[in-house]
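For reference, Swiss-Prot has these:
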BINDING   Arg78, Arg103, Asp130, Pro131, Met132, Leu133, Ala134, Thr135, Gly136, Gly137, Ser138, Asp199  5-phospho-alpha-D-ribose 1-diphosphate binding site
BINDING   Ile193, Gly198, Asp199, Ala200  uracil binding site
Amino acid sequence: MPTREIRHPLIRHKLGLMRRADISTKNFRELAQEVGALLTYEATQDLPLETYEIDGWCGKVQVEKIAGKKITVVPILRAGIGMLDGVLSLIPGAKVSAVGVARNEETLEAHTYLEKLAPDINQRLALIIDPMLATGGSMVATIDLLKKAGCKEIRAMVLVAAPEGIDVVEKAHPDVQIYTASIDQRLNEHGYIVPGLGDAGDKIFGTKQKDA
């Protein structure tokens with residue numbers, strides 16, 4: 001599936017604020033949650049609905065609810081946690097399935113070091129969240145893991161994506177829809193997205209260097 005770049009004015013505005021070199025941890029964290037929530041709105045807009053009856057103030061009322069599969073949110077640790085509260089603000093009943101993926105900074109290869117999945121994940125729509133889609137290695141490793149666990153429907157949300165990473169994921173898993181706030185220019189020689197956001201994990205957790 002082709003990657004969807006969500007160019008909503010609110011998303012563009014908030015993402016612009018996140019790109020500032022002097023942004024504080026507090027502001028970066030809050031904006032990551034806000035953009036995560038806005039992307040969730042887009043990524044779930046085609047969920048099926050079913051009608052049921054309730055007792056309203058004026059009698060019986062026909063209302064709607066989401067039908068079919070339930071959702072599990074899959075943050076890729078550690079940076080994915082920064083988007084989690086924003087996503088859960090819209091789907092508070094979702095189960096959280098955490099996946100830890102580390103990238104070798106020399107080879108840029110990804111390896112999984114932790115998985116804590118919902119026990120019924122094979123019956124749920126998996127919504128992967130990670131601020132950055134750079135080389136695509138972490139995303140592919142996570143999707144591989146979820147499919148091995150029996151997931152039939154997987155979607156991914158990222159704040160910014162590099163064309164190189166998109167290409168890797170789309171070739172490895174063409175059935176997975178990616179939603180992003182921005183498709184950026186490229187990866188640099190160190191595997192970082194340009195212009196990107198810098199190291200999103202460091203900025204979310206307050207571990208970035210003063211000159212970062």
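Cβ coordinates are placed from backbone N, Cα and C, and glycine is handled just like the others.
Just so it is clear, the model here is predicted, and its values are computed rather than measured.
Sequence features annotated in Swiss-Prot and their locations in the structure.
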residue : record                                              : Cβ within 10 Å
Arg78   : 5-phospho-alpha-D-ribose 1-diphosphate binding site : 17
Asp130  : 5-phospho-alpha-D-ribose 1-diphosphate binding site : 27
Met132  : 5-phospho-alpha-D-ribose 1-diphosphate binding site : 26
Ala134  : 5-phospho-alpha-D-ribose 1-diphosphate binding site : 27
Gly136  : 5-phospho-alpha-D-ribose 1-diphosphate binding site : 25
Ser138  : 5-phospho-alpha-D-ribose 1-diphosphate binding site : 27
Ile193  : uracil binding site                                 : 28
Gly198  : uracil binding site                                 : 20
Asp199  : uracil binding site                                 : 17
Ala200  : uracil binding site                                 : 26
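Compute the center of the Cβ atoms of Ile193, Gly198, Asp199, Ala200, which mark the site for uracil; besides them, the chain residues with Cβ within 8 Å of that center are Pro131, Met132, Tyr192, Gly196, Leu197, Gly201, Asp202, Lys203. Per Cα geometry, Ala134 is the residue among the binding-site residues Arg78, Asp130, Ala134, Gly136, Ser138 nearest to Gly198 (uracil binding site).
Among the binding-site residues Met132, Ala134, Gly136, Ser138, the ones whose Cα sits within 10 Å of the Cα of Ala200 (uracil binding site) are Met132. For the recorded site, Ile193 (uracil binding site), the DSSP three-state label reads strand. Here the Cα atom of Arg78 (5-phospho-alpha-D-ribose 1-diphosphate binding site) is found 11 Å from that of Asp199 (uracil binding site).
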